[in-house]
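Following: one structure in structure tokens, then a few remarks.
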Amino acid sequence: MSADEARETDARGAFVLETRGLTKEFRGFTAVDDVNLQVQEGHIHALIGPNGAGKTTVFNLLTKFLPPTRGEILYRGKPITNMKSNEIARMGLVRSFQISAVFAHMTALENVRVALQRELGTSFHFWKSEKTLDHLNERALELLEEVGLREYADTLTVEMPYGRKRALEVATTLALDPIMMLLDEPTQGMGAEDVDRIVELIKRVSKGRTVLMVEHNLSVVSRLCDRITVLARGSVLAEGDYDSVSRNPLVREAYMGSDAAEEEEAQA
Amino acid sequence: MADSQSLSQTPSEAFSKTSAVLERQRRAKIRRNLFYLALVVVGLVAPFVAYPVFLMKVLCFALFASAFNLLLGYAGLLSFGHAAFLATGGYITGYLLASYPGLTPELGIIAGTLVATVVGVVFGVLSIRRQGIYFAMVTLALAQLVYFVYIQAPFTGGEDGLHGVPRGELFGFINLSNSLAMYYFVFAIFIFGFAVIQRTVHSPYGQVMKAIRENEPRAVSLGYNTDAYKLVAFVLSAALAGLAGSTKTVVFQLASLTDAHWHMSGEVILMTLLGGVGTLLGPITGAGIVVSLQHVLGQSPLGNWVSVILGIIFVVCVLSFRSGIIGELARMYNKNFK
């Protein structure tokens, strides 16, 4: 099923992504424990929690990079629990990575074009010239323009500054025209200026899409997110909008002693 | 950024790249084509300067190393079992040409290549899901399996190998016992193999392959079934290695266990690393150097020390110039002339 078909055959259920009793055990250690997550269509939904709360594990479960021990994952009302990562990507559920995931020794343009070229159906054609991809350049440049990277088109990605790489990753993700984006710590390791730029970018590209993000930076969460789920020790501790979550005493307690607690103090 | 764009460009090109960048790429392309043309000319006159059988050996191993490099350099997969494909191509071609006198050599070579390709599919399916050293170990184990099959199987001549394979007449009318005719046939096969690799690297598939090598999880998250892409690279590499083995059998009129031995899998790694992994010319250079050394040392009093000397070269290469001879030259060129 292509992303377009997925869009059309949308059951218009309230939740784009839903988990039921999602559990992941690693040799007796329960990293994710009976998580029921519901992401509403059009929302920017944040997954937060102290270090080791299982956020990234949940992410890897949702995107099929890890198989769950128990539980179910529904995307647009359909179970995707037993699908492969590349299959759900084709259904419009596309993730980013904690460490910037770019193709370092390709130009920015080629990075985006690799995402665009899958739709052509010629990606196994080793006997064709790569010039047959040139007509995708225009679309690739539009996408680069959208994230402010037009002038980097012919630059090797490895030579780009860190913040720009994250922006390029967003452009590459957008190339797939995703219905839902899963962003793993999109502002991690960035200076204040880059953070602002990425926040604006996420705000802009999330129009008409649903976003689920793992984020440490609570100021980013408060500026962007419609709904927040707090994880602690693998299970859901609280859920709600920023104000209700940040006032929750359980949440405050869970954050005590971790780095994020200080950020939260600063925020409050 | 320059805003002057020549009229000859299509709108999309004009939109995509500045004329300066295009001009630079066009010049680089002309330079590259001239360079390849010069190499072809060298290849054409070489048999008048050097011993043709030696040159043919170099070309066969250059093709073998290039096939290996397609997998290691462009797909990032280290196979330790490529001897199996070289040997399979060689044995099948040798057996067919020796048993069926009416068969022309090009058909024998095609058959050998096809069987090597099938062996490549089997190896690939069994190994491609493993990563890194596990992948190398699975390919090594499978290649050892093939080695023992070739010791036992009746059609390979066991320890003795196949001897006296007739070169025959190419297309039924070009007598290959003439060493010049044989040389140009081998040269044509080499050019074909090299062109396949060159095109594969610069194809839509090559782009995806590069992306997978750079960051496999990201390629998966873009919707690519990366195992399938890696399998294609593996099978292509096996097929070209088989082609090299088949051709070699016709040249030397024999097929032996040496080609199936794991030493051969190691030797091709040495050739590729020495010349420069991930470069198109590296494996050719590496094969040329290793074959020349074996040739020269084999005739000298140091004959018994060939393996030791190659081993020392390998160590020096890994310790001091990891990107290989061509890799180092390319770096110096980029530093001083760009």
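Glycine too: its Cβ is placed from the backbone N, Cα and C atoms.
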Pick from B:84-101, B:246-263: which range does TrEMBL record as transmembrane segment? B:84-101
Return the stretch with the most CB pairs under 8 A relative to the transmembrane segment (B:305-325), choosing among B:34-50, B:56-77, B:107-126, B:133-153, B:268-293. B:268-293
Given a Cβ distance threshold of under 8 angstroms, which distant residues of the chain, six or more beyond its ends, lie next to the transmembrane segment (B:133-153)? 77-84, 87-88, 91, 119, 122-123, 126-127, 159, 257, 260-262, 265
For the transmembrane segment (B:107-126), distant same-chain residues with Cβ under 8 A (at least six beyond the ends): 81, 84-86, 88-94, 96-97, 138-139, 142-143, 146, 168, 189, 230-231, 234-235, 237-239, 241-243, 245-247, 249-250
Residues from the same chain, set at least six apart from the ends of the transmembrane segment (B:173-197), whose C-beta lies under 8 A from its own: 40, 43-44, 47, 52-53, 55-56, 59-60, 62-63, 66-67, 69-70, 105, 109, 167, 236, 240, 243-244, 247, 250-251, 280, 284
Hey, which bits of the same chain come close to the transmembrane segment (B:56-77), Cβ under 8 Å, at least six residues off its ends? 85-86, 128, 135, 182-183, 186-187, 189-190, 193-194, 197, 200-201, 206, 209-210, 212-213, 229-230, 233-234, 236-241, 243-245, 247-248, 251-252, 268-269, 271-272, 275, 277-280, 282-284, 286-288, 290-292, 295
